[in-house]
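As recorded in Swiss-Prot:
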type	residues	note
BINDING	766, 1056, 1059, 1065	[4Fe-4S] cluster binding site
């Protein structure tokens, strides 16, 4: 055995390739072994080096991995008919083994038999024992491990009897010892590159083969000091490995001759070396200003700014002649950076390969199985059924996608949930597409549907029967047909990567089912157990990655780095929390147990002590990272990461201790003090020019800023870039609406506009809201709570029926109210039993009704105010109050109560489920039209009677803070004060109204006859103005805004506060407020009244 070592600042691979070429000249077969995590990149690098930069093939040199070696020497056909289980199958077998134990046999682990996490830990433990050349008997003796021994022993017994699983690598090692391959190995050279430690399994293989080959070479990183310094070294793992090999067999140890070294990276290595030795020295290693060319540390504002600066530098170096393949981006948290990096690199037109395994969990087929499992487990929850259908895998042959939308709308609106409701006919006949929805429901969810045939009963079946039944679902439910269609469509559109994904997922399903049959074929299972086992194999599966072999930027986890990786290295997202990465031992064996195993086992048996191994690995990873660049290295940390303040890693602090200030660079978003650093490509400059423009406007000019540069860039873009010109033209119109065409107006309105009173209040809140909700009839899903329409209708119906009762008096009021409540409850029960929120609301309704009814009871008992009509309508067929129109606008509505004073004055009572009061300002701005319209309708219907006004009555169950009262007797008065009518009253009737109990009268809401008439005219003017705009087809996005309120905490102006349609109009208060909102509340009450009395009103 030869062990060649060199310092990590040197090129180890260059020295090993010289040996490989020597051996090839001797006509020897060379096996060049590299770590599995970098085998593809290393093979590509080695072949390019041998061919001096161009692609080539060298038939007698194979870059490979330890576990692949048996394939090259053992060409025997496997003569077994047994199934070989993969990771999914092993998990299934462990599950079956666990299910075979009784609770008293494995009390600690019995409850974890279906835990995916525990099954994964068992697979991991078994794999560790194999690579450590250990068996279950080597586990320390304690109650936990006694259970693990039982589980693993039974598992191995069943595996060896029923399946073809065995360690090919271990078997190959045993056959090497027996001399089976001696003849083949005579002209073989084995070279090992990049290892700093080996597993027990690998060491046993090395011991078995190293004397049988022509030449056996191990190349690694170390220095003379480390070979004698023991543990106090940056090469501690390597020195331990070399010492172990030298003690076991003859070793020729030599150092590879020095080549040219980058002094900056040598300094960084020396800093780490001194730190790892814990020595106090007078040696001062400084990073100077000129070292910035080779090494920088960035402190970026945030992740996006950090990635953008990487992208800008890549684009600039490309212009200078570099290739994309010359760049490697290493990330501290691959999952956290994936989305942002892809977006930024796409913007900067940088091709890249992101070496992050992608889960299959988002594929439609996996979503289908997840939904299928959830449907059975949770008894057909609404969302689970909708997700199943929206996966578009399980469909009817001629299913229109629009029908799925109708179906979703129906089941969400009517809260359809539970198997019974989905298998029975939908009955809400007022739903316009009920026939289409029912047809789809019957075919896909009905009692004879493929889904119900598969899931319909809860009987246990054998595994093979479940697989057979699933095949029927896949065929009859068009799952197979749809998967084939997805694959063909992707191929047809040249989306070969997507087509490959479809194929991989389908193959994974077939493989999982085959392994399921191998393990559970004769086991009896319920459907939910079958789906759970199946899903465990699918949702954790990953797509195979095809490494990039073209001119692209490579992006990967920084832990996969190796020395001399590339010319330019950007290691980003390196914070205190992940650099170095601290890993906790989450296996079934503690560090103490691992130490005990290693102290009691034979020479070629040892298991990794994770606390020690992780420390050594972290140390070597940092060492590899700072030596990974050939020309330029950047280490970067964002100040904000995952919404938390980032802190410098100890490694950063170590390098910065004696570094020039130029080494640490603050990376900001675009600003006026930098120029060319921010130029990447034209698309990215266009994307950030808005920020630059804002900076130009908001900041004061200084002698140091680059505003002249940015103004020039702006002018160049305006003149030469058509895309930028279009953006500029569209900026001011990004939410501008287009007037409706005359023929469209004719179709939607005709000669007359028919609308409700409340809809015009919506018009004055925002014209676009009116257009969407009233013209286009868009509806939002309504959950039944205290503010929903259903609850409002419930209250109205209760009080309408009570107030219509004959012979109603204060004495029998409560009795009649109880009877009415019972009757109305029956009518509304289907709404209030839809879900938990609805049931909770229902439980509170009676309290609210009875509390509000105290006011009505007082009204019934007085002779001063009598109810003439309840729920009297206008503008509807057979309306009690007739029709009401303003020019060509025909209004409809319903007045909750028409009440008459003893003096024959008429007025309106309006019930509300939320707090309301009459405000002159809102009537002036068009936001409060109901009261004045109701009074206008009454005046028209009863021309010979005078009007007293209109009042609101809120339905509520007033809460009382008991800490604020002195005696319980005060509660009745407090409730009485809180339950009052409020509104506007005419001056002539004010005195009489004041004398009626439970009416709160404000001086500001008492109006004389002249003011009342002016208010009626103003109200009609609002309708006319709105009608004219509608008939001209004008629709503006103009939510109301009160200047004194501005933008609230949720980022809305007043008109958008409760609007559910913002995703359609895209109104953003901070951008559009000044141009697109309608300002209200600009006049005082005195000014409004003065204007009503004769002055011209501003429109």
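For all residues, glycine too, the Cβ spot is worked out from N, Cα and C.
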Residue 1056 ([4Fe-4S] cluster binding site): tally of other CB atoms within 10 A of its CB: 26
Binding-site residues compared (766, 1065) - the one with the fewest other Cβ atoms within 10 Å: 1065
Nonlocal neighbours by CB distance (under 8 Å) for residue 1059 ([4Fe-4S] cluster binding site), same chain, sequence gap 6 or more: 766, 769, 1039
Cβ-centroid neighbours of [4Fe-4S] cluster site 766, 1056, 1059, 1065, 8 Å, sequence order: 765, 768, 769, 1037, 1039, 1055, 1061, 1062, 1067
DSSP-derived class (H/G/I helix, E/B strand, else coil) of residue 766 ([4Fe-4S] cluster binding site): coil
